[in-house]
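Scroll down for the structure; my scribbles are underneath it.
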Amino acid sequence: MQVIILKRSYIEDMVAVLLILLSSGTFCFYHQHSILSCFSLFFYGAYLFVKRKTSLSSVIKNKSFLFVVTYTFWIWINFLVFNTNHVATITQPYVYCLILWGTFFITLSMNYTAFKSLLLDLTYIICIISITLYMLFHIGVISPRSVEGAHGGTFFLLLFDVIKLGYDSNRMCSLWWEPSAFQVVLSMTLFLYIPDMVSNLFNKKILKKVLVLILAIILSKSTSGYLGLMIIVLIIVLHNDIVKKSKFAFLLLFIIASGGILYIFSSDVIQNKLEEDYGNQNADGSLNIRLFDNLAMIQMISERPLVGYGIDSEDYDMRSLELNNRTSSNGILALCASFGLPIMFFYIITAFKTLKLKNLHFNSVAACLLFLFFNCFNGMIIHSIVWAVFLDYKREK
């Protein structure tokens, strides 16, 4: 009987982690069916929370509880009081609340070790399938199908319209709507496994999965993914237990890591972007767009530092247009520009506390800074995968 309960619990946890992944900017499940995806995450999280009889005291003691309540309250106050010029869009405050509370219910209902293990396993399986399809496409064995997006645009999809090709077909997106979103999931997973790689670099069970994730980041051809990967590799090399005991091992790993970093920096992806933006002085290059986004959002923050320009508000969109903020590509600045600096200070303090509990094997301040760094190159900060890394978990017995 005990074995059956354990298996059922494992399956429930697996479904929960899968829902977190699917509602984190995937093309088919989130962008095409966002309302269904968000409600599924919320109600399944609530189901686990009720079924596992999570006590009220453990909820209140949770290190992220106060932030979740405050953030939810602030979303609605901001939407209903401060920034009431709303854009006619399906993305309304309740959607952001559903994502946050659905993820929060899940983290209250399962322990961190179970989440971390399932996250790596599921991401590994998704990457294996995606890499296989990516290779089959490039050797001409399979062809994509063109599909009209729910919000406009034509996209090329594989595997029953679930796996998406990048904009130029040479970049791997997997389930996600763009390579940058895909690399966030991969980077966040690797981020949580830094302590495992530091303490036992040659654990075959973990290493093979990590190497597949690294290959997926390389195939995504995401500049921000490459930068994040370089930092993670450096942390692992500099903090590795084997390296600390052997100068030869340190030298060997340092040479390998340095060679890998130089190879990535000299890759066509990085060099083409540098040439596109600076060599050709192209204002529409991705690096220039990010630069303009950042400058515009800094200006927006300086204009409304306390309450921001709101989320899904006409004020935010109009001011962005005036300042040439095209994509709000920096999640940290976008959150500040939307809700103001006070909520971001609270976010950083909470992130420091919750990441400290995860024992990431290196300085808690550095861990918090790295987590924030990963969110400076995309808008994934409000998605469930980032919340799942940010939030505190059920205490292990």
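Every residue gets a Cβ built from N, Cα and C, even glycine.
These figures come from a predicted structure and were not determined experimentally.
The annotation domain 'O-antigen ligase-related' is assigned in TrEMBL to 211-348.
What TrEMBL lists as transmembrane segment is 15-44 (among others).
Listed by sequence, the residues of this chain that lie at least six past the ends of the transmembrane segment (64-82) yet keep a Cβ under 8 A from its Cβ atoms are 92-93, 96-97, 100-101, 104, 107, 307-308, 310-313, 338-339, 343, 346-347, 350, 353-354, 390-392. The transmembrane segment annotation in TrEMBL covers 64-82 (among others).
Sequence annotations record features per position, and here TrEMBL assigns transmembrane segment to 94-112 (among others).
Outside the transmembrane segment (118-137), and at least 6 residues removed from its termini, the chain residues within Cβ reach (under 8 Å) are 13-14, 17-18, 21, 143-144, 158-159, 163, 165, 169, 172, 174-175, 185-186, 189, 192-193, 206, 209-210, 212-213, 215-216, 219, 388. The feature transmembrane segment is assigned by TrEMBL to 118-137 (among others).
The transmembrane segment annotation in TrEMBL covers 149-167 (among others).
The list of residues near the transmembrane segment (179-198) in space but at least 6 beyond its ends in sequence, with Cβ under 8 angstroms from a Cβ of it, reads 21, 24-25, 116, 119-120, 123, 127, 166, 171-173, 206-207, 210, 213-214, 216-217, 220-222, 224-225, 228-229, 232, 235-236, 239-241, 358-362, 370-371, 374, 377-378, 380, 383, 385-386, 389. The annotation transmembrane segment is assigned in TrEMBL to 179-198 (among others).
Positions annotated as transmembrane segment by TrEMBL: 210-236 (among others).
Look at TrEMBL and you will find 248-265 (among others) tagged as transmembrane segment.
Positions annotated as transmembrane segment by TrEMBL: 332-352 (among others).
What TrEMBL lists as transmembrane segment is 364-391 (among others).
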If we call contact 3 or more Cβ pairs under 8 Å (sequence gap 6 or more), are the transmembrane segment (94-112) and the transmembrane segment (364-391) touching?
yes
